[in-house]
Amino acid sequence: MWMIVSLTPGHTCVRVCNTNDHRGLSADLIAQHIIPHILNGPLYKVKEIQTSVKKEFHVDVTYKKAWYARRRAIDIVYGDWPTSISQLPTYVDELQLSNPGTVVVWDHHPLSTVSQTIFDYIFWAFAPAIQAFRHLKPVICVDGTFLKGPYRGKLLVAIGFDACNHLFPLAFALVDEENNRSWSWFMRLLRIHVCRDVQNVCVISDRHHGIIHAMRCLEEWKEPLGVHRFCLVHIRSNFTQKFRNERLKSLMWGAGKANQTRKYEDYMSVIFSISPEAYAWLTGGSVRPEQWALCKDGGYRWGHATTNMAECFNNLLRESRFLPITALIRYTFNQTVDLFVKNHKMAWDQVYHLPLYGWEKYVANEQKGRAHSVQVFDHRRGIYCITTAYRQAHIGGHAQTVDIGNRTCTCGKWRELRFPCSHAIAAYFRSGLNPMSLVGPEYTFEAYQATYESPFNPLRDPKYWPVAELKLSLLTDRLKQKAPGPLKTSRIRNEMDRKCPDAPRRCTNCLQPGHTAPNCPFSGYFYK
């Protein structure tokens, strides 16, 4: 027997566990529920899945179960990796048949036999993009990013720039890892099939040893065919790891972005006064000035200091990184088609004399140029001295020399961008000529229209696709073993993600320095 001795009218304790998860609501059932969302795109956030399940079934599900449900739904809609690999040759044959000129190159695994072909690498570039390269700036940003599905692979991309300074996807490749072999293979095919005989192509990248090895050793990229330059953001990150000083970081960035040698030397002299070791690191100890500084570049970069365009395109492809190989190539095809359709309309809607990017830059330079004072030194050779107008805080009053015959200005911008600076426009106004004639052909509507002139053709219904003779299989060790919890789908954050390298690391729970989340004294408390 037992009896109630006392009855507390109200409880003050906090319930530790408050969930209504149901064992009968499996990941397969949730996958069937979210398939309509996955059809619109595989990037359906796990938090959104939990919210949708809560609203539909009135049940709370764990993050792990929701993640596995999304993975299962992706497999149902787009197929798993072994199935996708077997379908890939048929899809590629139809892609090349529908869009003649599209390049697809295979590299089979060394363990392949006559009876069994094992997939290793694949390179693809669409025909309209290949034909458009001659109308782009000869600048290519290359980068690699990891896949987020069960396959251990890396996606390599090459991005160009059109007349409106929009990113332009040139080529893709799927490899196992970023190493000397994979990057050399990709860069060689990029030169053969996309760049072809175009000279002085500037390749901008991070300092990955595979890219450095490819650019240094491949005959296809020896000067004058190509030059290699480093992304200023990545150089700054490497520099910050070595010299953890916020002022040095700011000075190094200013030196890298400076168009004038005078400004570059001013920044470097201050760096030398603070840290001779940092100065030595930037002037040949680890990198050479022409590899990271605009004013020392020789004009190959066309003003592009970073690989931001490649990073942005990787972000656009974040949905495709969940997909198996055939669906991934289809996704890049559809994204490139959408980009062509959008820019083709913009290229033929001529509202201004130049594409929007060039027109806004020209108008801004023209307004500045009208305020400059011009002194003629030699009409025959086209030598002018331009004195900039004074602005607020006593900024201005600098003298720049313009040589119209050689198309140079001591400010460095005309040579670097192939676009007239405000000083060149002021000199042309004084000479009675039209400054619009100074604009490089890569910035004109003719180049913009020619870039997106070649059309894409849609693929036929799969029932009419020819059956490929090539039969591919997949190495099982390339598939990640299922471990407790979801697969890691985000990269490790580093110095490029922190505004100040000197700032202490903070707890992700309470945002205070001095400890980490597992040791947080405020664990269990939540702040808004």
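Cβ atoms are placed via backbone N, Cα and C, with glycine included.
Going by TrEMBL, these are the annotated features:
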type: DOMAIN; residues: 400-432; note: domain 'SWIM-type'
type: DOMAIN; residues: 505-521; note: domain 'CCHC-type'
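Mapped onto DSSP classes, the domain 'CCHC-type' (505-521) shows 3 helix, 2 strand, 12 coil. Here the domain 'CCHC-type' (505-521) returns a mean pLDDT of 77 for the predicted model. Assigned with DSSP, the residues of the domain 'SWIM-type' (400-432) fall into helix, strand and coil as follows: 15 helix, 6 strand, 12 coil.
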